[in-house]
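Asks: Following this message is one structure expressed as structure tokens.
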Amino acid sequence: MAAKQIVFSRGARAAILKGVNTLADAVKVTLGPKGRNVVIEKSWGSPVVTKDGVTVAKEVELAGKLENMGAQMVREVASKTSDKAGDGTTTATVLAQAIFGEGLKLVEAGHNPMDLKRGIDAAVAKVIEAVQKAAKPTKDKDQIAQVATVSANGDKEIGQILADAMEKVGKEGVITVEENKRMTTELETVDGMQFDRGYLSPYFVTDPEKMTAVLTNPLILVHEKKISAMADLLPLLEQVVKQGRELLILSEDVEGEALATLVVNKLRGTIKVAAVKAPGFGDRRKDMLKDIAILTGATPFMEDLGQKLESATVRDLGTAKRVEIDKDNTVIVDGQGDKTAIKGRIEAIRKQIADTTSDYDREKLQERLAKLAGGVAVVKVGAATETEMKEKKARVEDALHATRAAVEEGIVVGGGVALFRAAASLESLKFNDERDVGVRLVRRAVEAPLRQIAQNAGVDGTVVAEKVRSGAPTFGYNAATDSYEDLLAGGVIDPAKVVRHAISNAASVAALMLTTEALVAEKPKKEKAAAGGAPGGMGGMGGMGGMGGMGGMGGMGDFDMG
């Protein structure tokens, strides 16, 4: 085991602060409509130009092990906010730096870090309550477009396209982002169904970079029970191979010999196939499998109907234009089922929704209806160069997450003003002990995003903060137009969910760092002096003989049986 270096109290916190500041200073320059770009070197290809906080944070790795610990903890703030809310990563980083930086001064001045933490936790809970109280539900398409525009760095074209997409497929619909071969950014909508089950084996992946499996015009087998014996599946597979088609298998599970054989033959190029677990449980799974069967025109193999898999033919399989599968989700695009049967199924589900008395059943039926009737919208992002394309695609993805968050929990005034105003809710929070110092710390820290937005726009943050303080609740500084106005009326709005997660995650990690008393890291290894002469080169190793191919079992046609 390598020797460790251990640093205590003041030295430990100073090392963390250095790492926090290095990462946060690189990230916070991207905040707001006048935020600057960060250029990131790649080991291959052209550098990445980005204004996305989490992209910058993920690339920062410091040479000093102790400082790097601080940087990685703030990186966790950005990543967690991105995972939970999809946006607000830069705001979260700015808040974490402000809370930790201010808190560290107080700890060094002799305040108890544990009492500070308790005060910070209580203050943040109050701020979140104020943000949620101020949130208003999204009224119309225009507000959704405004949220997307703000998140996409003021790009109105992206805002409008995402608002159109959400209008076409509904709030429950699926919206995906792809690269366009042309220079323009376009919206395509197609009928599709999404459910939360991914591929059963990563060996089914067709795009290793995105870790997705994409099947074009595949045949689709819908089977209720587990498939484990290859002998049951083989007659059908041989028919599929003869037709030269791709295959999607949907069943309770595919395991053992059956899964191993599918993987081997996929890797050998005998058949392009993917297996996915059926969505839902119990009777609900049966219903969803029937939905998928009707959508794709398949005959579902159900146990209670006495159908046997070994008697299946290609005529029993459904089909769709395209199927996209990642580790968690499957999207069936443009199922080729009978339109009249699909409409009949939709009407039957609507009738069940009207008749049911259970809220839980109603919710699940509405989910099924959305999956069957909802579509898939594809935003195709175009740009003049690959570098611009990647940067624009990242902005579209951010904006998409922001619009979903806005629909979920409503909107608040943007430009850092929602948190700035929430500070007023802390006036009534009094403990009459050391915790009050933590509350005052949060009051100052929540102003940091507004000040940083102003600073990035080339304006003095303190002057802007004082002017905003004297205005109405929705009055603030619009950095895009360099003017003071009613930001809500001007369309400068943020999703409440993003603001909530940003302050919550930032305070959580900052408080942890404030209560750190020791750091343990590996000691840097001393460089050994170079040897006098290089040893003679080793003789090349003889190549290993090629392994013979696996013989197919008799009567099994083209299939290798693992």
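Using N, Cα and C of the backbone, Cβ positions are placed for all residues, glycine too.
Copying in the features that Swiss-Prot gives for the protein in this structure:
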- 30-33, LYS51, 87-91, GLY415, 478-480, ASP494: ATP binding site (BINDING)
Asks: CB neighbours of GLY32 (ATP binding site) within 10 A?
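Replies: Result for GLY32 (ATP binding site): 28 other Cβ atoms within 10 Å.
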Asks: If you count, for each of the binding-site residues GLY88, GLY415, the other Cβ atoms lying within 10 Å of its Cβ, which residue has the minimum?
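Replies: Each of the binding-site residues GLY88, GLY415 was scored by Cβ atoms within 10 Å; lowest is GLY415.
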Asks: Which of THR30, THR90 (the binding-site residues) has the most other Cβ atoms within 10 Å?
Replies: THR90
Asks: Would you mind listing, in sequence order, the residues at least six apart from ASP494 (ATP binding site) in the same chain with a Cβ closer than 8 Å to its Cβ?
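Replies: The list for ASP494 (ATP binding site) reads GLY88, VAL147, VAL150, ALA402, ILE411, VAL412, VAL413, GLY414, ALA418, given in order along the sequence.
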Asks: Is ALA479 (ATP binding site) helix, strand or coil when read with DSSP?
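Replies: The three-state answer is coil.
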Asks: I need the most crowded of these binding-site residues: LYS51, ALA479. Count other C-beta atoms within 10 angstroms of each C-beta and give me the top one.
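Replies: The residue with the most neighbouring Cβ atoms within 10 Å is ALA479.
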